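**Q** Relevant sequence annotations retrieved from TrEMBL are reproduced here:
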| type | residues | note |
| --- | --- | --- |
| SIGNAL | 1-28 | signal peptide |
| DOMAIN | 38-353 | domain 'Glycoside hydrolase 35 catalytic' |
| ACT_SITE | 185 | active site, proton donor |
| ACT_SITE | 263 | active site, nucleophile |
| DOMAIN | 400-512 | domain 'Beta-galactosidase 1-like first all-beta' |
| DOMAIN | 537-594 | domain 'Beta-galactosidase galactose-binding' |
């Protein structure tokens, strides 16, 4: 006899669970203009949020940082989506590993944090080219952040990939994204192209629907060109600004609804050659408390800064080119290494006066490790590895070409030519019209001669016999992310001049340094490459075990000048010991192999190696020490004392 058919338990439970769970269509986040507030699921709501960038924090540490934010009393996290991080080549999309922003959204859900999303297309964020892909500049006449058809076509293509992926994560669809920013501080951009902003708003609405709250963010001076009817207007300012005056200005553009400061600055960014920026705890907490007393919603920028690993730092231009440091510590409430600071505890105390803060202690600082000093050995001069650095061979051109013209987005390119006549007397070598973008390391027959730098007067004199090999290694120090934000082409923008002779017939080697370090650096290749005396850009390395349990650490490079560091093939970022202020590079514990396995560190030193080529790992960072006097980033002495007035992220 056939057994009786059993009822499936899941099929019985499903209707019951459906009744118990909150329905997506009952979820809402809206503006209540009559009472100047937000409503979350119909109830009055105010967010106290913090900025954290998933692209500046190793994926394995996301959960830790988000948990600390929630334990600090925040109920939301705000973050950008950098287009160039996810579409490295036109039509090539990366959403895996550290680029898996949906895994980050999931981690935010687990941390019980709502999300305020800022997908751009331009984000600033002190990030390379403000998040715009460098491949846009392969069309040299493109007008960024305008209704230029070439720019709009690229933006439309990108958002038609990104925004449908975002759609399920919208709050009313059951996700955690309560609002989305359109563009970023557009009022600070010279174009003021409102048809571009209207195009973006229409694109967001078409791909995301009418229910999601769309907003703009601008500094007080940018509201006129940055705000747009139909998008909720918010503002940004820091502790030193006049809150009453700024919110009164905001009311002229957004008469009703909640007051929102989308970027309340807890600290500030750092530039190479200037002092480490800080914001005092009393100033930050006083401003926060005053805003919360008004009932305003606030996002703190940054709550955890993180690190500009690799080549991802941006740059500013305020009469001079100002590249941003590898550290993005930002003097934020959670330090670069993820540790709670006194600023965090003070902020948590303020928040607790206005809303419930989760019970329980914050996790203590992570274990830190010291190691060394370790001696590095010479692997060889960069020029010795050209076959590996540029396996496809050089590109020939009468005049030098930019990085963008040869599809080299980041890092380094070598320009080579040969002297057509003997230069027996020291003769000036220069590039007209400030045409070095950004830093050039000059060699004659393999011997390092000196440096030329963007916006800096430097006298460099060369000699050489007819046929001598002239090599100019160009470093891209990061494209402009704020300021003029014009198309920031890299490389030699003009042909160099030796005396009165314009140099032509160039070979250009786009260098894949990361590939060499990660895949093509077998030691047996290096034995015969060692120059007697290292000169100019040179590779050094060593291996080391960690005998104990290990921990986070900070790489210190005493006596080294400037270059790039890799640990176990991971590009840790730039160092510039000689210029400062940053003297150490943050090394997260997950990058290191524990318990006796050999770790490999590789340095590309671009200028001068110390007499003792050693490094150390410290248990604390050094972010505010400049070895030499602060450099002046200017072609004219008059502007050296000009006060810095930079805003915008």
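Placement of Cβ uses the backbone N, Cα and C atoms for every residue, glycine included.
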**Q** Sorry to bug you, but what's the C-alpha spacing from residue 263 (active site, nucleophile) to residue 185 (active site, proton donor), rounded to the closest Å?
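**A** Per the Cα atoms, residue 185 (active site, proton donor) and residue 263 (active site, nucleophile) stand 11 Å apart.
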**Q** Across all the protein chains here, work out how many other Cβ atoms are within 10 Å of the Cβ of residue 185 (active site, proton donor).
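**A** Excluding its own Cβ, the number within 10 Å is 25.
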**Q** Would you list the DSSP helix, strand and coil counts for the residues of the domain 'Beta-galactosidase galactose-binding' (537-594)?
**A** 3 helix, 28 strand, 27 coil
**Q** What does the DSSP secondary structure composition of the domain 'Beta-galactosidase 1-like first all-beta' (400-512) look like, as residue counts for helix, strand and coil?
**A** 3 helix, 56 strand, 54 coil
**Q** Which whole number is the mean pLDDT over the domain 'Beta-galactosidase 1-like first all-beta' (400-512)?
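**A** A mean pLDDT of 96 is what the predicted model shows over the domain 'Beta-galactosidase 1-like first all-beta' (400-512).
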**Q** For the residue listed as 'active site, nucleophile', list the number of other Cβ atoms lying within 10 Å of its Cβ atom.
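**A** So the Cβ neighbour count for the residue listed as 'active site, nucleophile' comes to 26.
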